[in-house]
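Visitor: For reference, TrEMBL lists these features for the protein:
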- 34-55: transmembrane segment (TRANSMEM)
- 235-255: transmembrane segment (TRANSMEM)
- 262-280: transmembrane segment (TRANSMEM)
- 318-339: transmembrane segment (TRANSMEM)
- 360-383: transmembrane segment (TRANSMEM)
- 455-482: transmembrane segment (TRANSMEM)
- 503-525: transmembrane segment (TRANSMEM)
- 603-626: transmembrane segment (TRANSMEM)
- 638-660: transmembrane segment (TRANSMEM)
Amino acid sequence: MELEEKNPDPKYGESRKFDPNFRGPIHNRGCTDVFCCILFVLAMFGYFAVGILAWSQGDPRKVIYPTDSRGQFCGQEGTPLAKKPLLFYFNILKCASPLVLLEFQCPTTQLCIESCPNRHLTLLKAKTNKEDREYYRQFCKEGVDINILTVPEILRDGLCPAMLMPSKPFTRRCLPALGTRKGGVVMVGNETVLDDGEGKQINATNVLEASKKSNLVVEARQVAMRIFEDYTQSWHWILLGLVIAMVVSLIFIVLLRFLAGVMIWVMIFLVIVVIGYGIFHCFMEFKSLKGEPGSDVTIRDLGLQTDFSVYLQIRQTWLAFMIILAIVEVIIILLLIFLRKRILIAIALIKEASRAVGHVMSALFYPLLTFALLAVVIAYWAITAVFLSTSNDQVYKVFNNSECEFSRDTCDPKTFNTSNVSAQCPDAECMFAFYGGETLYHKYLIVLQFYNVFLFFWCANFVTALGQVTLAGAFASYYWAFKKPGDIPAFPIFSSLGRALRYHTGSLAFGSLILSIVQVIRVILEYLDHKLKGAQNKFAKFMLKCMKCCFWCLEKCIKFLNRNAYIMIAIYGKSFCTSARDAFFLLMRNIIRVAVLDKVTDFLLFLGKLLIVGIVGIFSFFFFSGRIRAVEQATPSLNYYWVPIMTVVVGSYLIAHGFFSVYAMCVDTLFLCFLEDLERNDGTAERPYFMSQSLLNLLKKSNEQPKSVD
């Protein structure tokens, strides 16, 4: 493929003219996109106001502690229920009611207790024995004298449960101690049929169904608790793995500075080898499971399992991994074959970027500032979201067994016993139902949550944009310096950061706002897609998929355009729209170079990140799975050994991405400056090129001659 450019299309603007006074990023610049700057500042003040309002109204204890029928927290320190951390259901069978799915609250009395019942006992039986009465009393409402009142009176007023069944504490709730015999027979304790204390027999299978619905997220919480336990056992090893990833990334960057060409080819070779080893390992696991009992079960037949290690014991899982890795390997090899002639030019660009990074070493540490700012943004969003979601008031509803016109009406527990409802419906109770409210604040709570999400995206994109403009300004100073490093500013990163914050906060806010709007729309589409999963309207599903695809493409295009617009802002100090237009026209005038050179360097840098992640991931796999005999004793005992492995892999990618993002921004900046350099100059002594001579020579060998400017 020839890279020689045709005459640029007039519709993409005129080429840059030679300017003998141009010396890189201009210093005499003014504020840009002031209106967006003011809007961003006002939005931030509003964001702080929302946070303060949420923190004054919210109560995170509602997430931590279960609440009884009066809305009191079980087990909270400094309260009368401090020593009663567990929630007990009077009649857990009522949790099987569809009402649970609507109001997320069982229509039965709930009580905070010290320990769960450990045996099956009815109220009628307990009345006949003093020891049983004393044991039974702890599961009754406060102040109830079980010795004086009769069983009908207790059950009529809902003062005590009709029966107790063997239970175990789980997620701070007493749930039936369910088990199974051979043949799948469900048991509660050692019994399959229970007396409900009112003359009826209860099948243990019904108890199982009610137990599941009493806590809609029992399985998820069980997995979460195991994962949390794994983190407590392996956090120091995970931290060590991330430190190793950081050291490997830093060594790779340093070697890239001095041995760019060699490192790129070594990197390509190692990536192929690492993925090839992954294919070989998956094949050996697939082969070793042949003939093993249960290994031929399909993933579909297995269904969703909370113990994810089960999936590693079936052949289909390893076959899927092997196919995926093989496809990735083939794609990479084919790309390398087709792009083999252009890799040399890309290596020259990376060499030039290595020199720039070598002269601006502080750029390698700038991602730490970006990570810190993003951590603050994420933490503020998460804390505000928790406080907003827990800022509802306690809402009480009328619950009853017989027909009552006031059923499910809002009530006040303090005045309920003296109200008309209590008189007309004797068996009715005023119990805590859920958290809500009818004030103006509660009515607009969903709007505040949306504002919190939108500002999160805006702030996160602004932090990313600030980093891109800062790095672009520093590397542009390097490129346009006549004498390197003499003409490079003493502190290019700080100078560029100061210019960005002083003059271009509005432009960064403008670009971030456009991207945030698209991202929020994508979030809404994902939510709608989740809601329509059970729908039968195939046309609506198809249209939604199309919209999701279109907005995904739009987000990628805006990110690419914003990135190049920020480079032009860093150099010329113009507004966002003008810079975006200039960058777009410059790229379109050199579309072949963009498609062949810039994207090839991005691909090579991606292989570098893939290599670091692969190396660290393989070592973490062998360590946490206990396959390294030398350190087998130091391997922590885990529920899911893939938890620390995935954490290390994801963390390694983020660390490698942080280091390589500097290189990627450097390459993009130098590439854009390089295109302008070709348009401005003709290569004579009076108009020298700012690019390196080695890159020029390589371009000439590739039949790409710099254009002359009349």
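The count begins at 1 with the first shown residue.
Each Cβ is built from the backbone N, Cα and C atoms, and glycine gets one as well.
Keep in mind that TrEMBL annotations are predicted by a computer and have not been checked by a curator.
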Visitor: Cβ under 8 Å to the transmembrane segment (603-626), counting only same-chain residues 6 or more beyond its ends: which ones?
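Guide: For the transmembrane segment (603-626), the list is 234, 237, 241, 244-245, 248-249, 252, 256, 264, 267-268, 270-271, 274-275, 277-278, 332, 335, 339, 343, 346-347, 350, 632, 635-636, 638, 641-642, 644-645, 648-649, 652-653, 656-657, 660, 663-664, 667.
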Visitor: Apart from its near flanks, which chain residues at least 6 from the ends of the transmembrane segment (360-383) lie with a Cβ under 8 angstroms of it?
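Guide: Same-chain contacts beyond the flanks: 51, 55, 250, 253, 452-453, 455-456, 459-460, 463-464, 466-467, 470-471, 474-475, 478, 488, 491-493, 658-659, 661-662, 666.
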Visitor: In the same chain, which residue numbers or ranges, 6 or more beyond the ends of the transmembrane segment (455-482), come under 8 angstroms Cβ to Cβ?
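Guide: Residues 22-25, 40, 43-44, 46-47, 353, 356, 359-360, 363, 366-367, 369-370, 373-374, 377-378, 381, 488-489, 492-493, 495-497, 499-501, 504, 508-509, 511-513, 515-516, 519-520, 562-563, 566-567, 569-571, 661-662, 665-666, 668-670, 673-674, 677, 690.
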Visitor: Hey, would you say the transmembrane segment (503-525) packs against the transmembrane segment (235-255), going by three or more CB pairs under 8 A that are 6+ residues apart?
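Guide: In this chain the transmembrane segment (503-525) does not contact the transmembrane segment (235-255) - fewer than 3 Cβ pairs sit under 8 Å.
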Visitor: Do any residues, 6 or more residues outside the transmembrane segment (638-660), come within under 8 Å Cβ-to-Cβ of it, and if so which ones?
Guide: 226-227, 229-231, 233-234, 237-238, 241-242, 245-246, 249-250, 252-253, 307-309, 364, 367-368, 370-371, 605, 608-609, 612-613, 616-617, 620-621, 624-626
